[in-house]
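A short worksheet on the structure shown next.
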Amino acid sequence: QDAGNHTLLREFILSGLSSRPELQHLLFFTICFIYSMTLIGNLLICMATAHPTLHTPMYFFLRVLSVLDISTASVVVPKMLVNTLSEDRSISYLGCVTQLYCVVCLASTEWYLLAAMAYDRYVAVCRPLRYPAVMSTRACLSMALLSCCSGQVVSVVQTAWVFTLPFCGPRSINYFFCDIPPLVLLSCADTSRYERQLISATVLVIFTPFCLILLSYTCIISSILRISSAESRHKTFSTCSSHLTVVTLYCASGTLIYLQPKSSNSQEAKKVLALIYTTVIPTLNPLIYSLRNKEVKEVLIRGMAVLMRK
């Protein structure tokens, strides 16, 4: 019977961020504004870092990060906006599979890329003489490709595991997109084995890169303390603290969501956390990583000046 119900299931119903009708229009315009800022900010970074004067490993990784942020938001937000104003909040079975695969793939890839970016900064600050040799074009491309491939492997495994579970209960997902915790809650089978596997995957995908990032920045800060110029120390500390704030926020939201997938009493809190890493952080990344950067701002200003003259 469970297998039959699993086979006959053709669609899910997404409950959305809130079931209160009076909040729907406010949520729509708020999310729409955030999504617009995500697209504008990250597209500006993509254009600026493509400038010949910014062809360095750091800006290459920033460009890839911007593409990932645009992709993550675009997988989740458009469907969420439609559902906010629509009475039909259904998503097909295949659509749910595709959305889960894309979200997990992009999030995993971004974690590995953030680790690569931290390593790039570590080499630049702590091993400056070896930087050109270590962070060559080939090495940067290899790191980006490895991040992408690792994200795809993680996503294939997680998506396959989730959708082999029998869904014989209600088809309503108390979430605004197809994600692992709400889908696990719909299963009528014993998911304890899968939950243990998910904890292992969370450690592999989130904690391992986070520890590497933390180690990199510990070495960077140690080197900064030996800088004689107070202004240089303050500037580097400011950049490091901004990066670590975003990474910690990303880490906290991810671990709180995925370490206890069947914790139904915290679903509303998990919605907020999921909104942070799928919508808010992609908006913050351009501000934290790039738009505060003097070289990026100069390229953007020159570009806008050229457009205005035309």
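Cβ atoms here come from the backbone N, Cα and C positions, even for glycine.
As annotated by TrEMBL, transmembrane segment applies to 26-48, 60-78, 98-119, 140-163, 199-225, 237-260, 272-291. The domain 'G-protein coupled receptors family 1 profile' feature in TrEMBL is assigned to 41-289.
Scored on C-beta pairs under 8 angstroms, the neighbour of the transmembrane segment (98-119) with the top count among 26-48, 60-78, 140-163, 272-291 is 140-163.
Sequence-distant contacts of the transmembrane segment (60-78) (same chain, at least 6 residues past either end, Cβ-Cβ under 8 Å): 31, 35, 38-39, 42-43, 45-46, 49-50, 99, 102-103, 106-107, 109-110, 113-114, 116-117, 120, 140, 143-144, 176-177, 278-279, 281-283, 285-286, 289-290. Packing against the transmembrane segment (199-225) from elsewhere in the chain are residues 107-108, 111-112, 114-115, 118-119, 121-122, 125-126, 154, 157-158, 233, 236-237, 240, 243-244, 247, 251, 254-255, 258-259: each is 6 or more residues past its ends and has a CB under 8 Å from a CB in it.
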